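Below is one structure; the comments refer to it alone.
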């Protein structure tokens, strides 16, 4: 007692040394002292602590105790400072877990800061348990010695319980002090859970009234694990063989059963219980759980119940390719349409332009209806899948669906021939023989596409003399050599045409974008259909602008401005139509657009047009119509054999 009174009082380490050297029977004594802040510390006790710590650790580079001195322990802080005892426990734990690294920290003067950092890492209930487990693993790897006879190994839950009993639950300082007590007693550490822990944890997840896991609880547990198929009810269990992509387990005694056969079979909760012969009424007992756990692990490791990765379709384009090919197709459509406008600027080519328009009319009807029925309709209805597996292709309808749709188109063609032949063979009114289109009201594409060859010429300028222009029928006074003021309706007509054509081109761009978002083959078919009907549309609109009295340059400018809206529709469709479901809906809208344009716009223009050579016109209409259908039919039948 005289020695203790002679030395400077320090609270913790003296008691710690006494605990470590005298092997006190109650390890909670140090924790109690740490919590109350009582006790004294002297250099003799510190020296004993150093010897004990050095004896428990093992250093590969030599004796570990040479770097640690009493002055280093005293430098951690004074006993009356807040948190000093917790820092001292953390510093000792650092030395036990990494003696060589701690020696470097001591020489660099950062031992205290490292101890504070460890306390900060362990602060909090969610950080203390895993951090303590990792710390114990490092201490176990560095410490030496055997536990006392009859003493059980200490694990993190025990350290946390002892710290909680002392009235300091969740605080890292008392937990580390408890750890030092067991280190001083030579206790061993169990850093991993026991096998029973896993069973207890799983059974704690069930909230039933029985100690066993029911079928429903097992199914919910397997769903959380991401394994297991759909559990059938007793009423539909006998229909198991009719389920798509579903296989049931065969008995374990099945002859010639290969383990590879089961690697991709997804089992339900009822299947797993049946494999191990477990009763659904009894449920899964803790003993049975140990039996069926390998089945759950196999299901997880094999990925049998994981969603199958969607393999990219063979004809699927990347996002950059969609924008590139879509832009090129739209640009080509606009340029070809603009090139066709040159025919209208040439007075000598007016007759040729007329027959070119009529040929494209027939081709537009064939391409639009062919693309809508032969290509887009099976795709929207899921009857024509590309890039699927062989099993799916065997179950698909194949060419049979395409040929049935061809029969539908043949019905359309038969009635077209009937009406056209009746028109050609039956007597006509004298007015109809003049080669002028039938009566119509207002502006429409049909009106602009029915202009006679003599009307496909731009009007003469005033200095070129008077000549019947495109509005001669509606405004006879314009035949006068004196320029007259246009009516308000005639002045608004070019802008109405441009606005309507811009909206139409925007819809065409949406259709092209949705098609290229699906595949390049669908984009090719849709682009062909759009091109075939866009050329006569643009020619007709250009003729209608000339009909309204606009000069060629201004009419060409308005026509190009309306064509730019197709790019806006293309980019909107590519930016928004990213999902397979939205793609199907967009293509369904494109089907309606194509059928409306073909049957309500183009086909009436073909039926109502009048020409001095009706049989030549009839031949050109049939060539265009059958040619458009033939191209789309070949593309629909053999597109899977085409490689980009």
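Just so it is clear, glycine is given a Cβ too, placed from its N, Cα and C backbone atoms.
In Swiss-Prot, residue 399 shares a side of the membrane with residue 636. When the ranges 251-271, 272-292, 293-313, 356-376 are checked against Swiss-Prot, the one recorded as transmembrane segment is 356-376. Sparsest Cβ environment among the binding-site residues 508, 534 (other Cβ atoms counted within 10 Å): 534. In the three-state DSSP assignment, the secondary structure recorded for residue 508 (Zn(2+) 2 binding site) is helix. Non-local neighbours of the transmembrane segment (356-376) in the same chain are 340, 343, 384, 402, 405-406, 408-409, 412, 449, 522, 525-526, 528-529, 531-533, 535-537, 539-540, 587-588, 590-591, 594-595, 597-599, 602-603, 605-606, 609, 611, 617, 620-633, 635-636; each lies 6+ residues outside the stretch with a CB under 8 Å from one of its CB atoms.
When Cβ-Cβ distances under 8 Å to the transmembrane segment (496-515) are tallied for each of 405-425, 556-576, 584-604, 615-635, the top count falls to 556-576. Among the recorded stretches 405-425, 556-576, 584-604, the one sharing the largest number of Cβ pairs closer than 8 Å with the transmembrane segment (615-635) is 405-425. The Cβ of residue 505 (Zn(2+) 2 binding site) lies under 8 Å from the Cβ of 534, 562, 563, 564, 565, 566, 569, each of these being in the same chain and 6 or more residues away along the sequence. Mean predicted confidence for the topological domain 'Extracellular' (516-523): the pLDDT average there is 81.
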